[in-house]
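Enquirer: Below is a structure I'd like to ask you about.
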Amino acid sequence: MEEAVIKSKRFPSIRTVRASKNISPSPSFQPSSFTSWIKENIRKRECCFYEKGVREDACKCGHPKTDHVDEAIKPDNFTGESWNKDRHVREVPTDAFGDISFGGSGQKTGKYARVSTDTSPEILYKLLTEQWKLSPPNLLISVTGGAKNFYLKPRLKSMFHRGLIKVAQTTGAWIITGGTHAGVMKHVGRAVRDHALSSSMQGQIVAIGVATWGIIHNRDALVNPEGCFPANYELDIEGQGRLSCLDNNHTHFLMVDDGTQGNYGVEIELRSSLEKCISGKLLGNRESGVTIPVVCVVLDGGPGTLNTIYNAMLNGTPCVILEGSGRIADVIAQVAGLPLFQVTIALIQQLMKKFFGQEYENFSDCKIIKWTEKIQYIIQISHLLTVFRISEDNHRDVDVAILQALLKASRASERLGIESWKGQLELAIAWNRVDLAETEIFTEESQWKSSDLHWAMFSALVGNKPQFVSLLLENGVSLKDFLKDEETLCDLYRKMPGCIFVRKLDKRVQRLGRKPQARPGRGETTFMTHVSNEVRHLLGSFTKLLYPPADMSCQFEMENNMDAQGNPDRDLFLWAVVQNNKELAEVAWELCKDCMSAALAASKILKTMAEEESDADEAEDMRELASHFEDHAIGVFSECHDNDEERARKLLVCVSPSWGRTTCLRLALEADDKSFVAQSGVQALLTQIWCGGLSVDNPVWRVLICMVFFPLIYTGFLAFRAGFEQQKGTNLRPSLICFQDFGRSLHSDSPDPERQKPLSCRSRLVHLYSSPQVKFYWNVVSSFAFLFLYAVVVMIDFQATPSAGEMLLYVWLLSLVCEEVRQVLYDPDGFGFHKKAKMYINDLWNILDVLSIILFAIGLTFRLTTELFYAGKILLCIDFVVFCLRFMAIFTISSTLGPKIIIVRRMMTDMFFFMFLLSIWVVAYGVAKQGILIHNDNRLGWIVRGAIYEPYRIIFGDFPTNIDYAAFDLDSCSMNGTDPLKPKCPVLNENLTPAFPEWLTIIMLCVYLLFANILLLNLLIAIFNFTFQTVQDNTDRIWKFQRYELIQEYHSRPAAPPPFIIFSHFYLFVRNMFPIKNNKHNLKIKLQMKEEELLSWEMSRCCHACQSAKALQWIMDSLKSQGFAAKEAQPPSQHKTSSLNMDVNISQGVSPLVLAHFNPSLQLGVQQTSLLRL
């Protein structure tokens, strides 16, 4: 056979093309079921009539006599009919199928089947896709060329290998070849091999070889009626003779059998039928009418290849000719582009003589005339012919030439106008080749409307093609129009790939017992309600529903969700985040107006999903993506803070209607984004909250002096923050204002000097004592006084009848109990009692509070009874230790001691686990020592003392005297163990001297000291050192995050310290029993600075950051184009300051803590412009 044809096609998949899935068998693949299917559907052909042929002992079918069944062999004197292929070759179930192993390095394996020439192409397609688990192709490439080994120039060979594999990998194509180890098929196999060696993690390329069964060398190794799993095939090139070996780099083989042996070209007809069948399948199984495209690639070849090209073009198949590959390919390349009248018979004769060499002598003039006619027809159909030329100024790769040939053929099809462009775009999306779409489709000739690209946008999103999503957005797709219909968003969620969010959403729908399409016209709304509930679960109950139910009141929708509705940027970003898709999430995040809130919300969602994900690898990916978006939020905030610190701090507390009416700071705290909270701008905000109405520039000593001598505040001794006034018209103290009452804005720059009034005397006094900083200092003083009183009572004034000091102590503790109850019940954020209690218990300091209160209550109960009076005092003394430990919480505010407390807590955890290891040595030595020295001591107290307490004391240098004869003193022990104040004497001799082996006890002590004192204690020191070094780098960040909790506690705490705080508790109780109706609308006052001004500032910062990023990218591209090697650098997208959606309607979603930092006196709420119009 002079030339071979190689074609490869692949069905488009909406999913991302993954070649590894194409060749890996399904986990459910069972050889038994596969064997049954093969026997039912796949046949072979065999000769049923033996007639001696030309060769001795061989039939006219080419097979030897021994290969025939008994019925086929007739007697020698048989004079009946002569052998006829049509009558004497029958079909029987195939006996060669299964897995094929080529051995050697890499242990290459594939799949194979022996099929009849009459096998239906549909059956073969089912074999490939259903039984061999190949994903349908997006493209079929047909490569035709010389079947004999031919020389290919190194550069062309490299470009062909690289281009063929690239186009197959990026588009998800099938490569179909003759499957033998020769000619162009060998080049294809080597290209597949090189790809497998260089990118084993990306999976293999599908290369299907369609060969003739009768010309395969060593085919007997493949025969087994029950299939071979695997069949070991030996590649014997030297001994193959006229036959051919299979190529060991192909992945699948279809061996076509017509019942004969030694005849080449048997597979051509079935192969053509199979390719035609595949090309008739719809691209991606969609109803667009676009079928799988076919392209023919030509290398070298002879007259047979010319016929293949001619027939391909008759069928409308585009062909790519590789100039320089030899023979007929070079002949066509030379005349391509010439006018038809110049392509004469003489020219063709001249070119054939040049490129065919001695082979030209065998060509007759009649054949050359016929070939000239075919060549003239080929070059006349220029839209189906593409010549790939290697030249110095041509930087195209073979893959680009192949795909451009398909697009060129598509443009010349019957479809005209926008339909033709849509067909090309659909091919480009299926192939995932955004480079071709940029250069060949989105040109000045094509006029696109947003609605014309909606289907493409949907395919790119569902198919996980982020580059195409960006390209479509750049070329006219409007997300607002694309997601205008809620059904589109519902379809995106329904077609979302399997992930934890999909599983949780399914469970939620099943739990509620409602189907998304249960009610006509309401299906999408109902489904999005489920999505909204699940997203709220991931974000936290403090947020509002992103997609409120349709039956919600109009008032609620207008006031709370007007701006949240119709937010396509947020919808697309959320859809990408919940499926943990980093690339699509990046594209969508760049579109978000409220980009800092979006990044922090993504961090919160991903961390919550990671906690609930059972797959450890998937959970780790989610945490990495959460950290990635936290870095984005840090970049945006840093850029804003560098430009304007005051406005940047306002962004932290600006309500985001797009993300459940919460704030950036709240999202960061809920997501445990320590790095974000540790930013200097965030800490400056917390410092302002900590100081309250006082200026942050006040020295601590001035604040302490004014706490005692408050008249100094009227002399200018203490500075107050400009514009910080309590809102008029409310009688609520700032420390007691609940979450919903903080519908006031903090978004005022410098107040208008003309309208700014000096603080009144009462306001100055209120600002001083309501400051969280002053509250903290008073509570520190109160704690010192409480501990002092406690110590005096338990050491000096603990009488049978409680004294006045002891009664004061009880009242003091009662005020502390009331404060702890208030902290549990105080729920301004609407968490609910269950979550609030859980948050309370998770705090270590609160656990110490509860423990101290319980111990005090038990001790007080015992103390009031005569029988347990002393036991009660003991419990109260132990409780004093717990109160002292709780007192350490005051140091958490210190930047010096706060981080050290974190290190101490980590070291305590290390020491707790270390004690398990140490206890083994203590108990081992103690029990052995006690058993050797003491005989049958039944006093439990002394047993524990000798077996545990004494070995523990030895670690600290207190050595026992009863293990050494020289130090033994008979008067220090009791002979029979009857004296309760003395230990029992060790085993003695008749002369009352120790009988235990002194040498053994001393050796045991030395070994114990060696391991316990030297080894284990040094191990503990090493553990502490490792913990210190590990935690030291993060302690500052952790402390800054935990600092918020202390500030939050004292911000919401009543101003009076214990025990006077009990009066505040009484006031709270009375106020809650008789609530005062407040008009919330009076609390919503329009902001002095318009929202548009802040938005304009944000957009200017966004433009500045984007221009910097583009400039950096331009420099990098210039350096690369000049040959400079540059490290890959991440564009400064972290500093993107996209215009944040600055709805500053703070009436809901803002914590009381963050609302006190700028100007709580205003307590202002700002509606969005649309709401103001209403």
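From the backbone N, Cα and C atoms, a Cβ is placed for every residue, glycine too.
Reproduced below are the annotations present in TrEMBL:
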| type | residues | note |
| --- | --- | --- |
| DOMAIN | 111-334 | domain 'TRPM SLOG' |
| DOMAIN | 440-679 | domain 'TRPM-like' |
| DOMAIN | 776-1035 | domain 'Ion transport' |
| TRANSMEM | 700-720 | transmembrane segment |
| TRANSMEM | 776-796 | transmembrane segment |
| TRANSMEM | 845-862 | transmembrane segment |
| TRANSMEM | 868-891 | transmembrane segment |
| TRANSMEM | 911-928 | transmembrane segment |
| TRANSMEM | 999-1028 | transmembrane segment |
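Distances, neighbours, how buried they are, the whole picture for these features please.
Expert: As a whole-number mean, the pLDDT of the domain 'TRPM-like' (440-679) in this prediction is 81.
Residues 703-704, 707, 803, 805-806, 808-809, 812, 873, 876-877, 880, 883-884, 887, 890, 893, 1046, 1050, 1053, 1055-1059 of the same chain lie 6 or more positions beyond the ends of the transmembrane segment (776-796) yet place their CB under 8 Å from a CB of it.
Proximity of distant same-chain residues to the transmembrane segment (845-862), defined by a Cβ-Cβ separation under 8 Å and at least 6 residues beyond the stretch ends, is recorded for 810, 813, 816-817, 820, 823, 868-869, 871-876, 878-879, 882-883, 885-886, 889.
If you look at the transmembrane segment (868-891), the same-chain residues 6 or more away from its ends with a CB under 8 A from one of its CBs are 776, 779-780, 783, 786-787, 790-791, 794, 798, 800, 845, 848-849, 851-852, 855-856, 858-862, 897-898, 901, 1046.
A Cβ distance under 8 Å defines the sequence-distant neighbours of the transmembrane segment (911-928), meaning residues of its chain 6+ beyond its ends; these are 946-948, 950-952, 955, 1004-1005, 1008, 1011-1012, 1016, 1019-1020, 1023.
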Enquirer: By Cβ distance under 8 Å, which residues at least 6 away from the ends of the transmembrane segment (700-720) in the same chain are close to it?
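Expert: For the transmembrane segment (700-720), the nonlocal Cβ contacts are 693-694, 759, 761, 764-765, 767-768, 773-774, 777-778.
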